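Okay, so here's the structure we're looking at.
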């Protein structure tokens, strides 16, 4: 029994070792192409096993992927290794397969105004050397920048032009001109950036006119500006004949949380009475008077507009020889006099008007 058990153990160990070798060693009819720089293995063998697998080749696909991965790992173990911070690493070679880009190619930079002008006129840039001979110092110096040749800022004497003011400081004028050139270059640079990003420039994106503002809008804007201080307009100075602003602010009075149950009951009952009452809440007299006032204002605005047009036309005459905007002739009828109705609405309820008999009542404001 002991001999059989030893033989069985040896056979089992031999079988396990063979299985391990079988897992590591993979045989292929055609050798795989490896690109170790990208950790890529290309299998050119025909997939005969997959064709025989039928409609569900998942197991065959897993086995094929495992074999190809094993071959790739075997190639990695053949690479030279080195120790980096107590870790053994393998240095991969340069990749041989060119992979596609993750992102699209960068767009070309938009041309500046000078580049567009140069392309239009056919101007080609000429390459200049950085160093030039300076006759004053007798040595080679830079063409631009610090310690450049023919540096006029280092001159201690400046000739005053004949057309210039003899009392003007030419040194300060030169510094001021240089600052203006720097500011102009910066403005052109910002314009090029805005043109490249398709932004709207301040010249065309500034504040636009809001049209004519009425008296109410101006008063509201003035009131808002006055209460925009830290003291909410309490210590704001007023003009000599300026009126106090109406409705500038009222403190909200809250009812007590506990105590006055009678007043609370009264308010709730009043609210229920108003909600359950069938009487309409609209004041007909007030609504009618408001409508009449609006119509009067519209007609007054129209008459004012017509009178302004007549003043603008002046002494210009029509084809009949009569001045435009002048009084009508005897044969014509005036609008709003006998023969025409001035208003097509009923008289005001309880109101008072010129030329209309008063029927009593007061006009509510």
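Including glycine, each Cβ sits where the backbone N, Cα and C put it.
Source: prediction; values computed, not measured.
As annotated by Swiss-Prot, N-acetylmethionine applies to 1, with the evidence given as similarity to another entry.
Annotated phosphoserine per Swiss-Prot: 5, in sequence order, evidence recorded as similarity to another entry. Under 8 Å, Cβ to Cβ, and six or more positions away along its own chain, residue 5 (phosphoserine) finds no residue.
Marked as SUMO2 cross-link by Swiss-Prot: 154 (among others). In three-state terms derived from DSSP, residue 154 (SUMO2 cross-link) belongs to a helical segment.
Taken from Swiss-Prot, the feature region 'Disordered' applies to 200-255 (among others).
According to Swiss-Prot, the SUMO2 cross-link annotation covers 226 (among others). Within the same chain, residues at least six positions away from residue 226 (SUMO2 cross-link) with a Cβ under 8 Å of its Cβ are 233, 236, 245.
For 235-245, the entry in Swiss-Prot reads compositional bias 'Basic and acidic residues'.
Marked as SUMO2 cross-link by Swiss-Prot on the basis of similarity to another entry: 266 (among others). Annotation for residue 266 (SUMO2 cross-link): no spatial neighbours, criterion Cβ-Cβ under 8 Å with sequence separation of six or more.
What Swiss-Prot lists as region 'Disordered' is 272-365 (among others).
The citrulline annotation in Swiss-Prot covers 273. Applying an 8 A CB threshold to same-chain residues 6 or more apart, the list for residue 273 (citrulline) is empty.
Per Swiss-Prot, compositional bias 'Basic residues' is recorded for 302-325 (among others).
If you look up Swiss-Prot, you'll see 340-365 (among others) marked as compositional bias 'Basic residues'.
Within its own chain, the compositional bias 'Basic and acidic residues' (235-245) has Cβ neighbours under 8 Å at 223, 226-227, 229, counting only residues six or more beyond its boundaries. Taking a C-beta cut-off of under 8 angstroms and a sequence separation of 6 or more, residue 154 (SUMO2 cross-link) has no same-chain neighbours.
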